[in-house]
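*Asks:* Next up is a structure, given as structure tokens.
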Amino acid sequence: MSAATATALSPSTSLRNSLNSYPNWMKWQSSPCQSTTFFIPRAAASPDTGKGNKKRKPKAKKPSSPTPVTTTTTESMSEEEQPQPQQQQQQQQVSLSLDDVNPVGLGRKSRQIFDDVWRKFSGLGQISRTTRADDMEALDALLIREGPMCEFAIPGAQNTTVLVVGATSRIGRIVVRKLMLRGYTVKALVRKADQEVLDMLPRSVEIVIGDVGDPSSLQAAVEGCNKIIYCATARSTITGDLYRVDHQGVSNLTKALQDYNNKLAQLRAGKSSKSKLLITKFKSEDSLHGWEVRQGTYFQDVIASKYDGGMDAKFEYTETGQAVFSGYVFTRGGYVELSKKLSLPLGSTLDRYEGLVLSVGGNGRSYVVILEAGPSADTTQSKLYFARINTKIGFCRVRVPFSSFRPVKPDDPPLDPFLVHTLTIRFEPRRQRPVEGSAGMKQDPRSFKLILEYIKALPTGQETDFILVSCTGLGVEPNRREQVLKAKRAGEDSLRRSGLGYTIIRPGPLMEEPGGQRALIFDQGNRISQGISCADVADICVKALHDTTARNKSFDVCHEYVAEQGRELYELVAHLPDKANNYLTPALSVLEKNT
């Protein structure tokens, strides 16, 4: 997709398409004393209002239009089965106006009926939160497989537990109900479980008390969870609250989920699909064996070399138990690098993995990761591929997907991870960003210090593990917008570096209106200018859970709007009037990854 192209998709069915293809009909037979059969349409996808189970007063039917859509049936009976004349009733003719077959109107009516039925079932089967396991299984079978939820249930949802962070927020409350409607097991992380919070959430939701700013309180929250939807946001624009919720909170939760996945991998003897492949871990002086420090130049400047200060680098294991690669490069066009030929466990190849993750620390320099691929027996046929990475002051995890590696020679084929045999980390003074030290003074960009903890290979995943609802900055007070965006972007970067499969959603200004009413614009580049319904954002979060195209994607989303002549920012990709209403896959398939 080009940089000036976005995607517009409609999550609702148009009237014209609905008249061409009627939805499924649900037949309701009246009592034996009547001879009229009514057909009540079942909506394919009812719009969500996001305002709970609120009763609406049904509208009075309008008089029959000049060209009504009429539905009548007569039952053929034998003479013995014919009722007595005094018991017979005249056949009734049911007239439907154009408004009655509007899919939006049908969806609202069916939603009202479903809400009443759902409320009654909830009151019968979920009186307390301590329902027995066998009762819960029977209730699930009734509500999901046999009850009204069968139309909304998603395959595999019953085996998936989703942790919703910020479950009482504007988006979180709708997300919780959408997940339950589709058969997911839902856990909600809240700071306090007072009566007001309990009234906001359905009784079948497991409530966990914790704080995203306190890592120790998140272990119980992620226990048993497969995926996380993060809808929390700071309630104030104070810098401390923004950092705690939007930045540190995301980092703490990603680490907690990774720790839980690692625990499962250990219990399963490393056979978990979530387990990473350990390439090297720098835990002792012996782990440094095989790593070679080299230096070189991209070009030779004889005149300038007389005035250069030279370059030097070393790789050592310090007394504090750290593997440190440090040095300086004062030579023009020079570089230093750390290289090693990989030795993978027997039966392991990198083509089964998605990329690399490095746990590193240091003084915030950028580096070039170089992979050498080709026949290991003949290195003269090897080809070089590179990817640039950025670190920060202190420790961080850096994720490097194999798809981000580019060939040094443009004519070479794309990287084949199966043929990778050598890994190199290179430092060069060019393209270094100025970084301030602890005393507020800028450091010399020609010196570096890189602390290496481990290098692992990320397992290939099909679905996203962590969905983060961020923001575009629209709707935020101008004097606070920079602080809010800084915290939001820091949280996004923390999620990208975590190694988890992620989806980052940046909606426009949130609006309290029904979802599924207007087309949606999916874009990248912070160019959207319109708002979006909270219910539409919640629907995107739920659809992204099992959508393979949503993995490792970041995108902006808002309602459709008309751009100025000659400045159109999007193109209509598809209009999907089907029952599944899967508008997310075609929208995200044309967007770029890791943005």
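Cβ coordinates come from backbone N, Cα and C, glycine included.
Among the features that TrEMBL reports, compositional bias 'Low complexity' is placed at 1-15, 63-76, 83-95. Annotation comment: TrEMBL describes 16-26 as compositional bias 'Polar residues'. For 52-62, the entry in TrEMBL reads compositional bias 'Basic residues'. Residues annotated as domain 'NAD(P)-binding' in TrEMBL: 166-260, 464-547. Per TrEMBL, domain 'NADH:ubiquinone oxidoreductase intermediate-associated protein 30' is recorded for 309-408. The region 'Disordered' annotation in TrEMBL covers 1-26, 39-95.
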*Asks:* So how many of the residues in the domain 'NAD(P)-binding' (166-260) end up helix, strand or coil by DSSP?
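*Replies:* Per DSSP, the residues of the domain 'NAD(P)-binding' (166-260) fall into 47 helix, 14 strand, 34 coil.
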*Asks:* What is the average pLDDT across the domain 'NAD(P)-binding' (464-547)?
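*Replies:* When the pLDDT values over the domain 'NAD(P)-binding' (464-547) are averaged, the result is 89.
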*Asks:* Counting by DSSP secondary structure, give me helix, strand and coil numbers for the domain 'NAD(P)-binding' (464-547).
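*Replies:* Each residue of the domain 'NAD(P)-binding' (464-547) counted once, the result is 30 helix, 18 strand, 36 coil.
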